[in-house]
């Protein structure tokens, strides 16, 4: 049996505070942080104490619900004004991951018909908790759908961390490996270290070892050689935002892996919930790309590895064109090929069901 339930939850609702696993301290220290204010939540998201698109959305939803509990509003209109201010503030914490805006919009919709402040506060807490509950089942279904793509003994590559600690549980790209472990399918993962913040080495390698899943760590520059020498059968990654045409924003380095996979004729899969799709944008050119602190590149774990004043280009994400993606795995099935039409049909089918 897999040990996935021994892996700490990334975020938990505790009524008067939010408890998060500090992912900046992993793998050396398992530390929890208590978030009590909207500023705490904002900081936790910006500084990557919590990361992964679904986990960011859950944390932001909890943060908005927690802040709303403390509003001292004169009336419902004043409550909604304060709510909108905090929502805007939290929504600005990370611009690329669409789950953040999706979760906050869902909370907004949940109180649209509220007739009292107390009803609104209660509803917000309930809805935020429901988002987390649903995310766990969503991730399990993504894993179930993805599992059909692999066979016993496959060697599979991934980048960044789209695992249990990036979601409520299971993960997206890593979900099939937990389910494969239960079925004794013997899948093996090659995890790219994921410079500059090392989510692959610090988080994915740690998480999979905690779960008893076979994993080998490689540097990002070893990907092509590894594909050739280790007979990689597929690449699977997560996503932070997917455009209407299938173009996908994910951790920097994903685009390069997709190009390599295409060169080696290896299937390249994206695993993501429907909440990661942004049907308001036509293609990847419209996805905002966050640029982060230059010292993330100049330093490793606080130790300087480059000249102090060397200019740095540090985008946190890149865009993989839909043309390089073999399939997008969701909780409702897998879309392939003509993404604009298939994604539109997928959402239409979900509305009918």
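In case you wondered, yes, glycine gets a Cβ from its N, Cα and C as well.
Owing to the predicted nature of the structure, the values given are computational and were not obtained by experimental measurement.
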Of 155, 182, 199, 345, the one that Swiss-Prot places in the same substrate site as 51, 52, 53, 94, 250, 251 is 199
How big is the Cα-to-Cα gap, in Å, between residue 199 (substrate binding site) and residue 160 (site 'Transition state stabilizer')?
5
Taking the centre of the Cβ atoms of 51, 52, 53, 94, 199, 250, 251 as the substrate site, the remaining residues of that chain with Cβ inside 8 Å are 56, 97, 160, 161, 162, 166, 238, 240, 316, 317
Report the nearest neighbour of residue 240 (active site, proton donor) in space among the recorded positions 53, 160, 251, comparing Cα positions.
53
Using the alpha carbons only, what distance in Å do you get between residue 52 (substrate binding site) and residue 160 (site 'Transition state stabilizer') once rounded?
9
For residue 160 (site 'Transition state stabilizer'), which of the listed binding-site residues (53, 94, 251) have their CA atom within 10 A of its CA?
251
